[in-house]
Amino acid sequence: MSSDNIKVIVRCRPLNARETRENALNIIRMDEASAQVIVDPPEQEKSATQAKKVPRTFTFDAVYDQTSCNYGIFQASFKPLIDAVLEGFNSTIFAYGQTGAGKTWTMGGNKEEPGAIPNSFKHLFDAINSSSSNQNFLVIGSYLELYNEEIRDLIKNNTKLPLKEDKTRGIYVDGLSMHRVTTAAELSALMDKGFANRHVAATQMNDTSSRSHSIFMVRIECSEVIENKEVIRVGKLNLVDLAGSERQSKTGATGETLVEGAKINLSLSALGLVISKLVEGATHIPYRDSKLTRLLQDSLGGNSKTLMCANISPASTNYDETMSTLRYADRAKQIKNKPRINEDPKDAQIRQLRDHIARLEAQLAEAQANGAKPMDVLRIGKSLMKAINGDELNLDGTFQGTAGAKLSEARDGDSEGESTEEEIVFVEDEASRKAADELEAKRRALAEAKQKRESELEQKEALNKEAIVTLTDLKSQLSAIKNSVFVVKQLEIKDKVLGKAQQKLTTRQEKHNALQQALQNKQTEHQTKTAEILSAVEKLERLKADISKTEAEINEVNQEIDDITEQHALSIEEERRELKEVDKRSALLDAIIQTFIPQCEVAKAEALAEYDEETMKWAISPEKVDREHQMLLKRVRHMQILYPSGSTKPVFFGKGKDTRALVNFSQLSGNILELEPELPERMTVGEEMDGYQSYGMNEDEMHDTQLQMFYSQIDTYE
C-alpha cells in the first residue's frame with residue numbers, strides 16, 4: 001500500500017471593508033510559481049519585540065493570491081481528488097483558518113462563482129454521464145454538522161445523533177439520513193437545504209460566522225463487469241467546512257456565542273494535537289479527544305486522499321492568526337495517509353439495491369402469473385418503483401418494507417375492500433408499457449442491423465478505392481526504378497571520388513585530434529595551476545556564504561521561537577480572560593446559592609447531581625431523586641408530634657430508637673440573613689395556631705387542626 005502525504009494549499013483573500021477602515025497593511029506576498037507564502041511582520045510587531053524580525057517563508061503544494069477564482073482553484077487542486085473518488089478512493093477536502101478568512105466562500109461560493117462543493121458535484125456527474133455503458137453508478141448524499149460537540153442531521157431532522165464504530169463499517173453516524181441523487185442539480189439542492197439549517201451568527205469579525213463544523217458526504221458506488229466478473233468500487237467524498245478559530249477579544253462574543261466559540265476552539269485544538277502527534281510518529285493518536293477528530297480519523301493518517309485548504313487574511317492586524325494558520329498547515333503537509341481502492345466492500349449498496357429490485361420484479365411476475373388480486377399487484381408495483389427511485393434506501397444498506405411478505409399476508413388473510421378502477425388501470429398500463437418497451441427494442445435492433453449493413457458496404461467501397469490507389473502507386477514506383485538505374489551508375493562513380501576525399505579528410509582529422517589533445521593537456525595543466533591559486537579564495541568565499549546562510553537560519557529559528565512565545569503568551573492571556581469570565585459567573589452563582597438557598601439543600605442537590613463525561617454537563621440523577629423522595633416520605637410517616645410544656649408550637653420526633661428531634665418546622669422561617677422578613681401569604685403551623693387561640697380554640701382542637709395541616713403538606717409534597 002503506497003503512502004500519500006496530505007496535500008496543502010493556501011489561499012489569501014483580499015482586504016475587507018473593516019480592515020480597510022482600520023488602516024491595516026497587506027503583509028502577505030504569494031509566489032505561485034514556487035508555491036511559497038512570504039509573511040512580512042508588521043512594523044508595530046518589529047518595534048514591540050525586536051528589530052531583527054525578517055520575513056517568514058512557507059512552502060506548500062500550491063498557493064493562490066487575492067486575484068484567484070474558485071473555478072481555477074478547483075481545476076488545479078480539487079479536481080484530481082474528485083477523479084480519485086470515481087476510481088474507488090476515499091477523498092477529503094477541508095478548509096481551515098481563522099474566522100472570516102474565506103473558508104465557506106472557498107467551499108460553497110455562490111451562484112455566480114460556485115465553490116469547491118458545487119464544482120465537485122458538476123464534475124462528478126459529468127464524468128458519470130460520459131462513462132462507458134457497462135458501468136452503473138449509485139450516488140448517495142448526506143449532510144451533518146458538529147455543533148457544540150453534538151452531531152446533527154442538516155437535511156432530515158435536527159436531533160442529536162450518536163457516533164458509533166464497528167469492524168465492517170468503521171466510524172459512522174447512526175441514524176444519519178442518506179439520499180439517492182441522479183443529477184448534480186439534485187445534489188446541489190440537497191446541499192442548499194442543509195446549508196439553510198446550519199448554525200450561523202454575527203460577530204465583530206464576520207457577519208455570517210459559522211458556529212459549527214459541517215461535513216457534506218457523497219458516496220459513489222460503481223458496478224462494472226471486467227473479464228466476465230462484476231467488480232464494485234466504492235468511493236467516498238468528504239467536503240468539510242470547519243468553523244474558524246477565534247479570539248473573544250476580537251470577535252466580541254458574549255453569552256451563547258462565547259460558549260460556541262469555546263467549543264469550536266476546543267475541537268480545533270484537538271485537531272491540532274492529532275496533527276502534531278501524527279507528524280511526530282507517536283504510538284497513540286488522541287482521535288477520541290473530540291468528535292471532529294473521530295469523524296476525520298480516516299482523513300488524517302488513514303485510508304483517504306486528503307487536501308487541506310488553509311485560508312488566511314492579508315491584514316497586518318491578523319498577523320498572529322495568520323502565522324498560527326500557516327504553522328498549522330505546515331505541520332499538516334507532513335502527515336502520510338495510506339489510501340487504497342475500496343473494491344467489493346461488504347456494505348456496497350448497489351448490489352443490494354439491484355438484488356432487491358430483481359426480487360420485486362420476480363414477485364410481480366409471479367403475482368401476475370398466479371392471478372393475484374389487483375391490490376396485491378399494485379402494492380408490489382409501488383414497492384418496485386420506490387426501490388428503483390431509491391426511496392427505500394437505509395443507512396445500513398437494507399430496504400424498508402418487503403413486498404413479498406405483504407403479499408403472503410394478503411394471501412393468508414381476507415382482503416379488505418374491492419380493488420378500484422384506478423388500480424386495475426395501473427396494471428394494464430404496466431403491461432402496455434412492457435409491450436411498448438419490447439416493440440421499441442425490436443425497432444432498435446432492426447435499426448442497428450441496417451446501420452451495420454450500411455457500414456459494411458462503405459468498408460467495401462473504401463477497399464476498392466484503396467486497391468485502385470495502390471495499383472497507381474505501383475506503376476509510379478516501377479517507372480521510378482527504371483529511371484534510377486542510370487542514377488545508380490552515376491552514384492558509383494561519385495562514391496569513388498568521395499571515398500578518396502574521405503580518406504584525406506580522415507587523415508586531416510587525426511592530425512587535428514592530436515593537436516586538440518595536446519592543447520587540452522596544456523589547458524588542463526593551466527587550469528590546475530589556476531585552481532591552486534584560486535582555491536584559497538573560493539574556499540574563503542564559500543565559508544563566507546555558509547556563515548551568512550547559517551546566520552540567516554539562526555535568525556529565522558530565533559524569530560520562530562519568539563513568534564511561538566508570543567503566540568503562547570497571547571493564548572495564555574486569552575485563556576485567563578475566559579477563565580476570569582467563568583470565575584465571575586461561578587462567584588455569582590455561589591453568592592446566589594449562599595444568599596437564597598440553605599446549605600443543607602445545597603448539599604442535597606450536590607449529592608443528587610452527576611457529571612456526564614460525554615456531554616461534559618451536570619445533570620440531576622432521577623434515580624437518586626426518587627430514592628431521596630422515598631427516604632424523606634418514610635421518615636415523615638414515622639414522625640411523632642409533641643408539644644413541649646407551656647408551648648403551642650409542635651416538635652417532631654422519630655419513632656423507635658431514634659427519639660431525637662428531627663425538624664422544628666415552626667422555626668424554619670426564622671434567622672434568614674438576620675433580616676426583617678416580609679409578611680408571607682401563608683403562615684407557618686405555629687403562627688396559625690397562635691391565631692386560632694384568638695378564636696377560642698382549646699388545646700385538643702388546636703392539635704387536630706395542626707395534624708390536618710401537617711398531613712396536607714405531606715400529601716402536597718408527595
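Cβ coordinates come from backbone N, Cα and C, glycine included.
It should be emphasised that the depicted structure is a prediction, and the values quoted were computed from it without experimental measurement.
Database features (Swiss-Prot):
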{"type": "BINDING", "residues": "Gly97, Gln98, Thr99, Gly100, Ala101, Gly102, Lys103, Thr104", "note": "ATP binding site"}
{"type": "BINDING", "residues": "Gly100, Gly102, Lys103, Thr104, Trp105", "note": "ADP binding site"}
{"type": "BINDING", "residues": "Thr104", "note": "Mg(2+) binding site"}
{"type": "COILED", "residues": "432-477", "note": "coiled coil"}
{"type": "DOMAIN", "residues": "5-335", "note": "domain 'Kinesin motor'"}
Trp105 (ADP binding site), Cβ-centred 10 Å count of other Cβ atoms over all protein chains shown, is 16
Give the distance between the Cα atoms of Gly97 (ATP binding site) and Trp105 (ADP binding site), rounded to the nearest whole Å. 12
Which ones in the same chain are close to Gly102 (ATP binding site), with CB under 8 Å and 6+ residues apart in sequence? Arg11, Arg13, Asn311
